[in-house]
């Protein structure tokens, strides 16, 4: 793992991409939390703005020949677009109703849930070592949630729904890319406007349109600036994720995610004074140990697989 990191940081372009992703991923969490805490901006509307800005950003990228769009039938991606709405909306609701620590650790449960989905419905097999790493990950998340002094049932419901829908989305993204023979940016280019249309239809049923706290309510200039900035950063997050995975690998992106995980947790306790008990700290340490073990075994398995391929006559 140390050699991989050394090789990784020896490439200036990759370092620049990682830094953009690091800053944008951390900023989006803190800015969204700030918007919810200090301005009370409606969640689904903020999600809709993220989708629209992401699509406009991809449109600009396409005009700059950064990728070539591919025509897709709407019926082929309708479920993917719906799951995209669900995972972003529920994740934001989890952030709105939980401390940043609980929100961040709940997201880690995506890995175990993806493994369960792939095992049960796609008949994919995983080694015993990989399965055992899910024990400390899950135990750590449970410990942190149980001892979180700001624990609330609604927040955990949103966190659970967010994890489940996010896991489905990530599994379906891989399946659709293979089925439709498209890359992530081509898929998102068609998926983002469709997801925006779905949210545009349902927002009036769940959020007030006028008055205090409404979509077209009397928002301050500062609130509007923060919302627009949140949309731009959400686009940078999406773009940098695809760039990193395209120029390195999903495992490299996952490894780099550990740094963001720790920094985001620390920032939550510093910026929002989220309380941290000793038992929560043990839960976080337990989860981080499981994540590092999972990455280590995954890298070892990949290296072993590559070695077998190169040794074949």
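Note: Cβ is positioned from N, Cα and C throughout, glycine not excepted.
Sequence annotations record features per position, and here TrEMBL assigns domain 'Sugar phosphate transporter' to 23-294.
Positions annotated as transmembrane segment by TrEMBL: 12-35 (among others).
TrEMBL lists 41-61 (among others) with the feature transmembrane segment.
Under the heading transmembrane segment, TrEMBL lists 77-95 (among others).
The feature transmembrane segment is assigned by TrEMBL to 101-122 (among others).
The transmembrane segment annotation in TrEMBL covers 153-175 (among others). Cβ atoms under 8 Å from those of the transmembrane segment (153-175) belong to residues 79-80, 83-84, 86-87, 90-91, 93-94, 96-98, 102-103, 106-107, 109-110, 113-114, 117-118, 122, 145, 184, 187 of the same chain, restricted to positions at least 6 beyond its ends.
Remote same-chain residues near the transmembrane segment (187-206) are listed as 42, 44-45, 47-48, 51-52, 54-55, 58-59, 62, 67, 69, 72, 74, 77-78, 80-82, 84-85, 89, 173, 176-177, 180, 215, 238, 242 (criterion: CB distance under 8 Å, separation of at least six residues from the stretch ends). Among the features that TrEMBL reports, transmembrane segment is placed at 187-206 (among others).
Within the chain, the transmembrane segment (221-245) has long-range Cβ neighbours (under 8 A, six or more residues past its boundaries) at 14, 17-18, 20-21, 24-25, 27-28, 31-32, 34-35, 39, 41, 46, 49-50, 52-54, 56-58, 61, 183-185, 188, 252-253, 256. Residues or ranges marked as transmembrane segment in TrEMBL: 221-245 (among others).
Among the features that TrEMBL reports, transmembrane segment is placed at 252-272 (among others).
Annotation comment: TrEMBL describes 278-297 (among others) as transmembrane segment.
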